[in-house]
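The transmembrane segment annotation in Swiss-Prot covers 15-35. The domain 'Rieske' annotation in Swiss-Prot covers 89-185. The feature [2Fe-2S] cluster binding site is assigned by Swiss-Prot to CYS129, HIS131, CYS149, HIS152. The disulfide bond feature in Swiss-Prot is assigned to CYS134-CYS151; the stated evidence is sequence analysis.
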Amino acid sequence: MSNAEDHAGTRRDFLYYATAGAGAVATGAAVWPLINQMNPSADVQALASIFVDVSSVEPGVQLTVKFLGKPIFIRRRTEADIELGRSVQLGQLVDTNARNANIDAGAEATDQNRTLDEAGEWLVMWGVCTHLGCVPIGGVSGDFGGWFCPCHGSHYDSAGRIRKGPAPENLPIPLAKFIDETTIQLG
């Protein structure tokens, strides 16, 4: 038996392993970009959460900010707004679901379930009409002291609940919380 015959199997095995390794590396290099493109882009990640300074917002004033490409209405409500919102019975509402991402999904659309704080002073919601996506007019507009969508005539009350018109749902409440007394985090 010659020395060459002893090593013939090992050379062949080496070629198999080298080919398999090169194939695995090539497959990984081809698959990696396909998997990586499913991750959110840097601009989307940067907008996943924003902080809004509300220290200069007086009672009765609305602040509109852009979040994830859509308007967010932040209103510091007056005592009259709060009383008006709390006087509404659930039976008077078109949509009795609170649509508040901060509480249970099936919560009722009471005024307390729609506001950011216990006192009911701060209302934060998406500023997009639930009918066809127009931006409602704020500043105590419409028949119910809240917002009015001029596109098709939807009226929202002082808690952003649909009261009249073709819109099927209340204006939704995004994930939001107070970080401190003057800063709200969205997202």
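Here the Cβ of each residue, glycine as well, is placed from N, Cα and C on the backbone.
Keep in mind the model is a prediction, meaning the values are calculated, not measured.
This view paints the features noted in Swiss-Prot onto the structure.
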residue: CYS129; record: [2Fe-2S] cluster binding site; DSSP class: coil
residue: CYS134; record: disulfide bond; DSSP class: coil
residue: CYS149; record: [2Fe-2S] cluster binding site; DSSP class: strand
Entry from the recorded positions list CYS134, CYS149, CYS151 having the most other CB atoms no farther than 10 A: CYS149
[2Fe-2S] cluster site shell beyond CYS129, HIS131, CYS149, HIS152, criterion: Cβ within 8 Å of Cβ centroid: THR130, LEU132, GLY133, CYS134, PRO136, CYS151, GLY153, SER154, GLY165, PRO166, ALA167
Under 8 Å by Cβ from CYS129 ([2Fe-2S] cluster binding site), counting only residues of that chain that are 6 or more apart: VAL135, PRO136, CYS149, CYS151, HIS152, SER154, ALA167, LEU171
Proximal but sequence-remote residues of the same chain as HIS131 ([2Fe-2S] cluster binding site) (Cβ under 8 Å, at least 6 apart): CYS149, CYS151, HIS152, SER154, GLY165, PRO166, ALA167, PRO168
HIS152 ([2Fe-2S] cluster binding site): tally of other CB atoms within 10 A of its CB: 12
For the domain 'Rieske' (89-185), mean pLDDT (0 to 100): 88
